[in-house]
Every structure is written in C-alpha cells, then in structure tokens.
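Annotation comment: TrEMBL describes B:168 as active site, nucleophile. Taken from TrEMBL, the feature active site covers B:334, B:367. The annotation substrate binding site is assigned in TrEMBL to B:238, B:368. What TrEMBL lists as domain 'AB hydrolase-1' is B:64-372. The region 'Disordered' annotation in TrEMBL covers B:1-20.
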C-alpha cells in the first residue's frame, strides 16, 4: 500500500453510471515500486484491489476468512450490490449467525484482478496512455489473482488465513492459495470446482468470447473510447453460460415446455416459451453489471487453470506436505464441474497425505447450487468451520 | 405438381453463389391451386420441394424409403454436396450394399421446408413482393414439413413407404409420419430423437437465434436485400450447438487441454487450445453452406415439436392402433437427446400396442453418433430393414 492508506472506493467507472446504492467497497493501491509479477512474465503496476470486509479481525489476527468469488461474482458478498441493489451474492452463507459467521470471523472478499468492480482490469485507465486498457490489459491467471490477493493481505497485516473458501472459479482460487501459500492457509473449502478446466468448459467459454468479439460494438476491445458497449454479444455469452449453470432436470421442472401468458404458440420468433423469456432476461440483466472485456479476461484465466500442469503434471505434488485442512464439496446435478472433478482433487489430496473430507450433495439445482439455499451445504460449511476453529483454538 | 413436371433443380439462391459441384437435386413445384395447409392456419403457395433419390422404385412401388434429415442437414444424403464438395451426409449408411441398400430400395430424401437447399424457405422469393421472404416466410412445424413431404410422395405416385428413417430432428419427422399417416408407413426407424423438445434444448436453440438476431448484418431478417449475411452470429450459433452434439468424454479424449502447435500459452485471446480452433472452424465452415434465417425457422420447428400435446397430452394416443413396425435407437453419451427421451417413445408405443424394438448403443461419440461410423448402428439398421422387408415380401 505504497500510494496511501486503505480508502473508501470511488465507484468503478462502469458501475458509477448506474449505481443507485452506496458502494461499501474499500480499495488499496500498489504503486510502480510494488508491481505484481504475472505468470506471463510481465510486472504489472499500478495495481488496485477493491474488496469488502465483514465482521472484526480478532486481536491475534487469527480469524480471517478469505471468500473467493466466481467468474461473474464480485466483492459484494454480503452487502447490497451498488449496481443491482440486490443482496450480496452469498448473503445466505455469510453474515451474523450464518454458516460463515461474521460475529466470529473477519471476512474479506476481494474483486479479482481482470474483473470490473474496482480492481484493476481492462476497463481501468492505462497510465501510459491515459485511456482504458482494453486488450492492452495483460492476460492474467488464477495464480496472478491469488498473488494479488496475497499482496492485499500483506497490506492488511494478515499473515495467516483461518480459511479460504469459494465455489466454482472461487474454488480454483482456493486450491491455488493452498498450493502456493500452504503455510498461510489453515483450512480450505472448495465447492463445485476443478483442478483444471475441461475441454467442454473451455468450449463454452470460447463461444461466449466469440459472441462478444463478434459484436461490432466491441470495437476490438476499445469500446469505452468508442462510446459503445457490446451488450448484445455479452448477453448471448451470458445466455449460453447460464444454461450450463443449471441442470437439465431443474430446467425441465421449473420451465418444461410451458408457454408464456398465452394460450398457444405465436408462430413468431417472440419468446413463446418461459425458458426463452427467462434466458433473455438473464442476458439483459447481466450486461448492466458486467464488463464485456472482463468477461474475456476472467474466462481466459479459468481456461488456463491447470494446477497439476503447474506442478510437473502431478496434482498431488501441488499439495505435497500441506498441513491445511481441506473440505471438497460437489453437487450431483452439476455437469459443468461434475463430482468426478472434485474426486480428482480429493484423490490428489489423499496421495499428498493431506487431511481432507469430501461430500457430494444430492440436489437437482446444478452448478448454481453453491449460491443457493441448500441446507445440506450450510450444514457442511458450518461443521467444517466449527471443527477447524476448535483445532485453531478460536473461541 | 401442377406447375410442370418434376425437373432438375436450379441451384438454390444461396448455394448458387458458391457451388463448385453439380447439384443432383430434383425439384417439384406446387402452385396456388395446391397450397400447403400449415399448422399456423395459413395456406402456403407456391411451394417448392427439392429432393434427391437413389436406387430404383420397383414395379409395385413397395420399396421406397424416405430418409429425413436433421436440423442443418439437407437432401444430399448420399451424393456429393454441391456447396462443400463433401460426400453425402449419410454416405456411410445409404448406398449400394450399405445398411440402407440402394440396390434394393428406392431412397428419397427431401429438403425440409423452411431450410435453404432448394425447398421453400425464408430465402425463397415471395411472389407477392418479388423479394426474398425473410421473416415474412411463415413459421412452420415438423407436422408442416411432413405434410409437404406427403404432397411430394403423392406427386411421385408413392402411396406407401416401406420405411421412414431419420436421426435427431429427422427422428421427429419419422414419429410425425407414423402418427399422421400410419397406413402409409410400413416401418419407422427413429434414432437419437425425442417426442418433444426439452427445456434445455429450447434454451440452446434460443441462444443460437439470439446470436443471429444480434448480428447487425441480420437486418431484421432482410439481409439478402441489404447485401449482407449475418455470418458472425450464425457462426456463434453453430459453435454453441456443436458442443451439444458431442459428449464431454469425446471432447476430453479428442482435445483435452491440448494446446495448438505452440509450446506454451500465448497470454492472448487467440485460439490457444485445440478445442478453440476446432470450434471456430466448425462455426466458419457452417456459414458457407447454411442460411441464417433458415436456422431460425428450423430450430423453431424443433422447439414447437410436442407430439403428445398434439394428441390430447398422450403420446400413446398418437400411435394408437398403428400397424407400423418401429425401431427406436439411442446412444449412451447423447445428452441432447438422452436415452430417457427414446424410452419415452418406446413406452408410448408399448402402451399403444405397437410393434417396437429398442436399443441403446454404447458409444462416447455423443449425439452426432447417428452420423458416424458406428458398426453397431449399421447392424441394427440392417437387421431391422431385413426383417421388415421379409415381412413386406420385398425380394
């Protein structure tokens, strides 16, 4: 934190235009003397990280929990979102008396770099040109995101995390944290995730990127200067991705072939079916809160993630000798990050001699279950944190 | 065939521009005195149907097999495709000595209405305006497609089909044929299909349609007049759909996380992974041979298909009293039209007292398996046709 103390966030550029609600984010800035070393070999500076906190850090700084958000998530884990005005994305999980209890723990949730809610990303101003980076922003990795978060924690004076917790991409960050900084992670909870992105998942991400880049309003990534936004392409990207977040069974149960408020088919290309209307809404509401270039960067980071490959092809090697306590959870109907992906992590942790528990939760809610009101998941998180806090000696 | 005899096809508008190979299609035209009654209530005329034949019709006209193509298929089932120059799409299945043996059977394959390879569709000229229909072409259904095919067969003097055969959307036409014209269908072979399109499948189609309609070169469907083509949107639609045609396992086995001909990640948005390059190629090559508006119309027809709903909610009712011999086949790794969809058809046929055999073929090739070299599928088709031809007394 060379360039001044931790401060209240000014709204990020994109959000400012539409924000109806106060932004509870804090930001820290790292100047050119503290560059972030990236996997691509570049040193990136200046670096800004936006984050939120909830709860209080205890006297011996042992009760910090880092929550890692997913692809299109952000730091607004438990507070009202400044753009949408909706409750925090993990409000059901994090808060007073919740499984991640902010009356006991100090929760920190940073916006990942490359994203668009205040941390450095493609919409940030490039100090060299005075204009938005666009595609001149460096391609970052999950390891880069974690390295930036470690800088934030250094700045906050938090040497050790009681827990690192996240689902989906957040679970990738959890694994990266445990592999890169084993001595800083007392416990790690990884939900609905994988140690490497599958070919099918890369394929779906590539469809989304092509949809964005096919939009003429994308302007080669320089749309902010052009005064446009590739909203149509971004909406299509979100629609395609959203299907993968749900299970076929849930879609069938929730929508089936139900028609909208009409007695019959219209014989047009209007949204006759409820599922069509629902998907269109998902696409349209997403573009209000997310930046298209950030979608490119964060999906790319997920596609690049392959923890075994970073450790000579052996996932067990990534965790060798760890003292971290792990919990791995998956959902039966998650076809984006199926249980087999979680089992692969568990097997590697077993091979590495790590302490690990694993649970597959029976639900038809698909990948998005990690964000939803799933009592079994709450019980598991509560139980894991309870046992770990006793082991850590946190009152 | 009021407006003249069956004739050699002139190339359809779009294909003409790029055709490097002779088009073996035939066409028939039906004039205003023979309109096609559509499910939407409209009477459509004039109507053109392009089709190909292979083999010879026998003396008592009892050896005709109707092959029904899938969403982006066409009439070029066994002959060289006039645009791509590639072998017919079911060349492995249909031909001399093949499972559908053109030395014994007379094979007819019409291009469905709404498509773009010569049959009436949105790229056809609207006689009222002298310009391409665009979105003024009526929305058609699977039942409309089948009714048009029945008109073609009437014109050819073929009262009864020895068999109706198709996969995917083609299997929908097979079921519709059997339900609408039971006395004209001696046997019916339905591969990798369903009696109604699922919510997830409608969702994927809707993503594709939105990708096309988001392309400014779509021009509200009047792109031919505008001198453009929404190739980027159509390519994205194809990419998204193509993922659903393959299995996760096949993608992982074929591509995994393999990089292109480079030692390492490029830290750009180029196609680093082979799966990205493959998908981009699928999208780009598709737009050379398919019309974007037709993609809207044919996907809509599939989405509207719900055979039970057309029969008071009971699929068994659709087949009640049928004398047709059925064979239903599915693939273990097909998640677009999973085996449960085929079982639903089988259960209805059982309830209707129909003669039906069912087989689930073990393969990791996903939905596209029906187009591929799957020996077990060939054996099943050969066996089913053999038994049916003995029952029908075809030498």
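Residue numbering: from 1, along the chain as shown.
For all residues, glycine too, the Cβ spot is worked out from N, Cα and C.
A map of TrEMBL features onto the structure.
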{"residue": "B:168", "record": "active site, nucleophile", "Cβ within 10 Å": "27"}
{"residue": "B:238", "record": "substrate binding site", "Cβ within 10 Å": "23"}
{"residue": "B:334", "record": "active site", "Cβ within 10 Å": "28"}
{"residue": "B:367", "record": "active site", "Cβ within 10 Å": "23"}
{"residue": "B:368", "record": "substrate binding site", "Cβ within 10 Å": "22"}
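Taking the residue listed as 'active site, nucleophile' as the reference point, the recorded positions whose C-alpha atoms are within 10 Å of its C-alpha, out of B:238, B:367, B:368, are B:367, B:368. You'll find the Cα of residue B:367 (active site) roughly 4 Å from the Cα of residue B:334 (active site). Each residue contributes its Cα atom, and for residue B:238 (substrate binding site) and residue B:334 (active site) these two points are 18 Å apart. For residue B:368 (substrate binding site) paired with residue B:334 (active site), the C-alpha to C-alpha distance reads 8 Å.
Regional average pLDDT for the domain 'AB hydrolase-1' (B:64-372) in the model is 96. Under the three-state DSSP scheme, residue B:367 (active site) falls in the helix class.
Annotation note: residue B:238 (substrate binding site) sits in a helical segment as assigned by DSSP.
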